[in-house]
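Read the structure below first, then the notes.
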Amino acid sequence: MGAGGRMTAKEQATATAGEDVPLRSGGGGKPLHRSPTEKPSFTLGQIKKAIPPRCFERSVLRSFSYVAHDLFFASLFLYFALAIIPTLPPSLVLAAWPLYWVVQGCVLTGVWVIAHECGHHAFSDYSLLDDVVGLVLHSALLVPYFSWKYSHRRHHSNTGSMERDEVFVPKPKSAMRWYSTYLNNPPGRILTLAVTLTLGWPLYLAFNVSGRAYPRFACHYDPYGPIYSDRERAQIFISDAGLMAVVYALYRIAASYGFWWVVRVYGVPLLVVNGWLVLITYLQHTHPSLPHYDSSEWDWLRGALATVDRDYGILNNVFHNITDTHVAHHLFSTMPHYHAMEATKVIKPLLGEYYQYDGTPLLKAMWREARECLYVEPDEGSTKKGVFWYRNDI
């Protein structure tokens, strides 16, 4: 594997010499290559100038149309669960509930993405409106809106930095846990992926698992934690209040309809949302072709380019193209999602080899990254000691 775990002697020599290393096919038969790590010849201003100005225009009506669209389908599927499934024969009920969980979870992931846009001020020209919409939508999905808004913005400000990035920060080999060797096999990878997709999101929010290192305990629910500055703390209280309101509403619903009713109708789709969120983020920033940088090499533009667009098929549209326009999103996070496809088509020729796209089927990509991307190290013998690549030879 060129930039990932297993490199041949020829590939190692090529990497050491600073030349591009071909990787396995990323779908469609095209080989992938390591992203260049030299400072680009283009600037962010030049990239922005190439994009039509209309791509940066935010429309309240158009943005709300996507909210209405997603909530309509979420309501439709909820009606199916409450009114249709109980009338089905027992043999069909066993299949109908998993179907509801999957499709409802996918639609609600789209709602999650819209709230994420609110946090980036990409929903409208009005910051207050963005925050109100984002707070309502994210709280309904048990996400602390302002808490995550601020930590996520720091992720965008420090993408690809070994010291300052906020999420899915890779470890050097010396920091690998003692049990990593025992998990570096198919059963261990299945277990790791299962835990990551089910518990990864709440563990990150509550305990900063996979996040950057802080000098003391960091938690997204703690207004006085090290993640936030003094001017942000009041809004963290608002996030917590939003979550408490939703939890209380769920408590009252459970008191009326039963705990397991809430689990079936709301809880399992929420697990699907959380799983998609973790997987999407993981695959956007974990790839054998992507570099990470320490403070001796990192700069904002190269860090922002250290991400990859993926193809989720029909789900690209369901997820409002956060999956296949992520490079553009990291360059211009205030751009509405409904302009990102046009912008991506424009910037791809300008970015050249700095633009990374992988069309590998989803399950295959997830398994490959879990196998190949275990830790990061500089290339042996390379003069660029501040540039780190994924490895897997434990």
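Residue positions begin at 1 at the first shown residue.
Positions of Cβ are set from backbone N, Cα and C atoms, glycine also.
Residues or ranges marked as region 'Disordered' by TrEMBL: 1-40.
Non-local neighbours of the transmembrane segment (64-85) in the same chain are 93, 96-97, 100, 103-104, 107-108, 110-111, 114, 133, 137, 264-265, 320, 337-338; each lies 6+ residues outside the stretch with a CB under 8 Å from one of its CB atoms. According to TrEMBL, the transmembrane segment annotation covers 64-85 (among others).
Marked as domain 'Fatty acid desaturase' by TrEMBL: 96-357.
The transmembrane segment annotation in TrEMBL covers 97-115 (among others).
Annotated transmembrane segment per TrEMBL: 127-148 (among others), in sequence order.
When Cβ-Cβ distances below 8 Å are used as the criterion, the transmembrane segment (188-207) is approached by residues 143-144, 147-148, 167, 182, 219-221, 271, 274-275, 277-279, 282, 366-367, 370-371 of the same chain, each at least six residues removed from its ends. Among the features that TrEMBL reports, transmembrane segment is placed at 188-207 (among others).
For 241-260 (among others), the entry in TrEMBL reads transmembrane segment.
Within the chain, the transmembrane segment (266-283) has long-range Cβ neighbours (under 8 A, six or more residues past its boundaries) at 100-102, 104-106, 108-109, 112, 141-142, 167-168, 196-198, 200-202, 250, 308, 310, 319, 322-323, 362, 365-366, 369. Under the heading transmembrane segment, TrEMBL lists 266-283 (among others).
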